[in-house]
């Protein structure tokens, strides 16, 4: 149990997708203007990561890995296309659910919801799972931990950006300029976790 808690904390803080690996920055910067929208996207990314990583773990270990289907047959060259297909299918299912049951959030996310399918944070989580050879329970913990870490980062950024509306920011830094600086400072804060051994 301690191993899974350690993996979860490492995925949320030490190896944060947004602030340690800078994955998913396009949606991170574009949707982090309001806390409500950022938290909605954060939940959507957490759900997709939490499902995509373990499902792709099963696909990789049962179908694509060397000798998984037939001894001596290695289908791992199909990793990327298969992982992208699974992620795209999950995003489509999530999009249909949000459209039917949460139309306000669906409209607030707009074009960024389909872009979750090509969000590099999700593909990065799946790639790290394969690279680190996580088993199925580890992939569940890592997927949800990575999603919660990304959601923590985007909600914190949205809260800071809402407060910065009332700050006296120099004209040349307004908009994305101060957002990039703030993201860098947040990343420096998360770097303090890098020495933690779990």
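Yeah, the Cβs are placed from backbone N, Cα and C, and that goes for glycine too.
Listed as Cβ neighbours of the transmembrane segment (11-31) (distance under 8 Å, sequence separation of 6 or more from its ends, same chain) are residues 37-38, 41, 45, 109, 112, 115-116, 119-122, 124-125, 128, 141-142, 145-146, 148-150, 152-154, 157-158, 176, 179-180, 183, 186-187, 189-191, 193-194, 196, 198. If you look up Swiss-Prot, you'll see 11-31 (among others) marked as transmembrane segment, on the strength of sequence analysis.
The transmembrane segment annotation in Swiss-Prot covers 35-55 (among others) and rests on sequence analysis. When Cβ-Cβ distances below 8 Å are used as the criterion, the transmembrane segment (35-55) is approached by residues 24, 27, 83, 86-87, 90-91, 94, 98, 102, 105, 108-109, 112-113, 116, 119, 121-122, 125-126, 129, 136, 139-140, 142-144, 146-148, 150-152, 154-155, 157-159, 162 of the same chain, each at least six residues removed from its ends.
For the transmembrane segment (77-97), same-chain residues at least 6 beyond its ends with a Cβ under 8 Å from one of its own Cβ atoms are 44, 47-48, 51-52, 55-56, 59-60, 63-64, 106, 113-114, 116-118, 122-123, 126-127, 130. The annotation transmembrane segment is assigned in Swiss-Prot to 77-97 (among others).
Below 8 angstroms of C-beta separation, residues 15, 17-18, 21, 23-24, 26-27, 30-31, 41, 44-45, 48-49, 52-53, 56-57, 60, 79, 83-84, 87-88, 91-92, 94-95, 98, 139, 142-143, 146-147, 150 of the same chain, each at least six residues beyond the ends of the transmembrane segment (110-130), sit close to that stretch. Taken from Swiss-Prot, the feature transmembrane segment covers 110-130 (among others), and the record attributes it to sequence analysis.
With a cut-off of 8 Å between Cβ atoms, the residues of this chain six or more beyond the transmembrane segment (140-160) that come close are 4, 7-13, 15-19, 24, 27-28, 31-35, 37-39, 41-43, 45-54, 121, 125, 128-129, 134, 179, 182-183, 186, 190. Positions annotated as transmembrane segment by Swiss-Prot: 140-160 (among others).
Within its own chain, the transmembrane segment (176-196) is flanked in space by residues 13-14, 16, 19-20, 22, 25, 28-29, 32, 153, 156-157, 160-161, 164, 169, which lie at least six positions past its ends and keep a Cβ under 8 Å from the stretch. Annotation source Swiss-Prot lists transmembrane segment at 176-196 (among others).
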